Amino acid sequence: MQLRDLLTQATARLTRAGVPSPEVDARLLLEHVLGLNRTAFLLRGGEEIGPDAEARAWDSIERRAARVPLQHLTGEVEWGGVRLTSDARALVPRPETEWLLHLALEELRRVEKPRVLDVGTGTGALALGLKAAIPQAEVTATDLSPEALSLARENAALSGLDVKFVEGSLLAGLSGPFNLIVSNPPYLPTADRATADPEVRHDPDLALYAGEDGLDVARPLVAEAAAALVPGGALLLELDPRNAPTLAAELRTAGWQAEVRPDLTGRERFVRARRAGG
């Protein structure tokens with residue numbers, strides 16, 4: 001079978017399975033399995049594919065049709081300028097979280113040697129993205145999951161970036177002080193599990209769901225962060241657009257200066273806060 005015909009059939013299979021971007025996913029999987037970059041893939045469309053390679057390709061296509069995340073099948077994702085290994089040990093880094101990285105860098109642009117804490121680091125994406133962008137920063141990252149931390153450490157070694165990883169809940173007993181505490185915590189209401197996309201079910205529940213209103217992790221995180229920031233230091237959180245305004249209002253009631261920032265689609269996804277008077 002020629003490569004272009006395999007792409008056509010693979011795209012049709014993923015379309016029938018309801019995969020949101022069937023042609024793109026089929027091409028990326030074939031490139032991965034065959035070890036081709038985009039240019040080589042285009043140039044070799046008329047070449048015959050051997051039976052072993054075709055069998056490997058169909059194995060990946062069928063797993064994607066079963067809604068295994070693309071990143072778990074390719075084993076990697078490019079995020080925030082850093083190449084990361086991605087598998088079932090941690091949440092697949094989302095494109096929208098790159099705006100949280102942007103907001104963090106904006107917050108730190110005037111700090112000469114910032115101390116930063118990433119709470120609930122998962123793959124290590126945020127911590128490593130920050131360290132890559134600000135090499136002089138002292139970056140620490142925590143996670144409750146030892147499996148996620150093992151993946152984050154692998155990604156740090158892969159990228160050659162020096163980040164300190166600590167296993168534990170929220171701030172894990174760290175007192176700081178930090179110029180910035182940043183987190184993409186679990187923020188989905190537990191009821192969302194019943195209607196989650198098939199791909200999401202391959203992510204750890206621990207990284208996704210946080211009680212009835214999705215704020216069971218963010219609220220105690222705020223409480224711990226208050227004493228761990230330098231004067232004028234900031235807390236940056238990614239939340240669900242349904243609950244970000246709620247947490248911002250609670251922060252203001254508790255004496256924080258807090259605002260909700262939109263993502264690139266205009267949805268109220270991020271909360272930026274600092275202690276009043278900071």
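Including glycine, each Cβ sits where the backbone N, Cα and C put it.
Site annotation for S-adenosyl-L-methionine in Swiss-Prot covers G120, T121, G122, T123, G124, D143, and the matching candidate from N179, N184 is N184. If you measure from the Cα atom of G124 (S-adenosyl-L-methionine binding site) to that of P186 (substrate binding site), you get 15 Å. Distance noted between the C-alpha atoms of T121 (S-adenosyl-L-methionine binding site) and P185 (substrate binding site) is 9 Å. In three-state terms derived from DSSP, D143 (S-adenosyl-L-methionine binding site) belongs to an extended strand segment.
In this structure, N184 (S-adenosyl-L-methionine binding site) belongs to neither helix nor strand by DSSP; it is coil. Taking every protein chain shown into account, T121, T123, N184 are the binding-site residues, and of these the Cβ with the most other Cβ atoms within 10 Å belongs to T121. Put simply, G120 (S-adenosyl-L-methionine binding site) is 12 Å from Y187 (substrate binding site) when counted between their Cα atoms.
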